[in-house]
Amino acid sequence: MKTDIEIAQSIELKPIVDVVEKLGISYDDLELYGKYKAKLSFDKIRAVESNPVGKLILVTAINPTPAGEGKSTLTIGLADALNKIGKKTMIAIREPSLGPVMGIKGGAAGGGYAQVLPMEDINLHFTGDMHAITTANNALSALIDNHLHQGNELGIDQRRILWKRVVDLNDRALRHVTVGLGGPLNGIPREDGFDITVASEIMAILCLATDIEDLKRRLANIVIGYRYDRTPVSVGDLQVEGALALILKDAIKPNLVQTIYGTPAFVHGGPFANIAHGCNSVLATTTALHLADYTVTEAGFGADLGAEKFLDIKTPNLPTSPDAVVIVATLRALKMNGGVAKDALTEENVEAVRAGFANLKRHVENIRKFGIPAVVAINEFVSDTEAEIAVLKELCASIDVPVELASVWADGAEGGVALAETVVKTIAENPANYKRLYDNDLSVQEKIEKIVTEIYRGSKVNFEKKAQTQIAQIVQNGWDKLPICMAKTQYSFSDNPNALGAPENFEITIRELVPKLGAGFIVALTGDVMTMPGLPKRPAALNMDVESDGTVLGLF
């Protein structure tokens, strides 16, 4: 069987100009990056704003195994299948981060016959957006340190600087560093650290900004630290939002590529869902809604993380809310949530499927709390058995949720037709009545408790002393009406990655609260969530190479 990269390299790509012609996009509307990649101009984005708004389909998943459950693959395959049954459809997904590509994932542009192309470019440097975000972030760090060196007119307390440097790699050695060493000519010594680029607030801002002016406004609002008198210091105080926006002036424009089947796709922005809000850009999603009758998008990790943030943080910034949510489930993930060890997930175990169904059931219930109909997609694997599939279908019927098998990895668009038809039927017969989980006017504690008790089903929230102090500071500064972005393990409803399935009566501890005023939310950190990942014992990078003719090897 061919690998993902071999399948991708066997496809004859169409020029991107031809792919997007059916959407009413012309050559003059594009800023080309070679023949197969382009950015859409702001003139065209503004021109389509008066178009009708299409249907929005959000793809999410149950709590995943470390290998992931094929959510991006299902998103791409579903869009291809919708086009196959005659629905004018676009995709709006995130750009992969190079860190996980070189680490555990080895690629994140779909898989099999449900991929966005050119996958090598998308997984590596693409159109340079990640570089621009990294540069803007680190330019701000350099400007902060220069301000300290040049006399510190703003009275910034170097012990209370929140802003970190970033790099788009998994590099645990950079989590804690000291900068400014080497004497008076080299700056003011202070403790610093690096996050991965996709954890930068600038990434979140890029994904929520609606235009250049909104981008500048959000950049100006970033809190970079505190003065000696404990008052906040912003980018606006440094007067450098214009310079940062200049670095990002092209990165804010959505990127256009294609699937194996020629479906147009926006691939733009890529914040993680366990440490950020986990959704592609508002600009890309909104523009897709104005260009197509159906837009298929995704939110990172399980529905407890990505989907909750999509619905509570991103949706209020969109012209519409999701008309349906597709929850991707795999039998291997259900079995893992049912107590099966990782090395036994390919063995038939009907009882483990029954036990693990509690996890899927909770995600379905949670989506319904937002007033949106859910559809379950079983992402098929060769190890799945007829008995396991039959039990899962029976269990889905018991909670009255539509369920379809999807084999888009192996069969492409054809393998998603049944799912596409079910989603279209669900949207037609069950109109969504979207409502947010909480009102922003609730206190910080109440909003967190709402997420923990209603989505995670925990019994109590504990706030460490540091978090309590930060809440008081947030209230004092008038930031307490912002939504909450939970930073939590993706493997469990709880903050314990080993508590699989559908745990109950657990307590969640909030250890820190970080205001992200530019993004417009407050991050609540739980457990041991890292904003700079490390590499595994055997990184995917060990399998990667490039041949003398430029052929890429090892991206899978």
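Each residue, glycine too, has its Cβ placed from N, Cα and C.
If you look up Swiss-Prot, you'll see THR65, PRO66, ALA67, GLY68, GLU69, GLY70, LYS71, SER72 marked as ATP binding site. Within 10 Å of the C-beta of GLU69 (ATP binding site) we count 23 further C-beta atoms, all protein chains included. In the three-state DSSP assignment, the secondary structure recorded for GLU69 (ATP binding site) is coil.
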Binding-site residues compared (PRO66, GLY68, GLY70) - the one with the fewest other Cβ atoms within 10 Å: PRO66
In the chain carrying LYS71 (ATP binding site), residues 6 or more apart in sequence that have Cβ under 8 angstroms from it: VAL59, THR60, ALA61, PRO64, GLU298, VAL328
Binding-site residues: THR65, SER72 - member with fewest neighbouring CB atoms within 10 Å: THR65
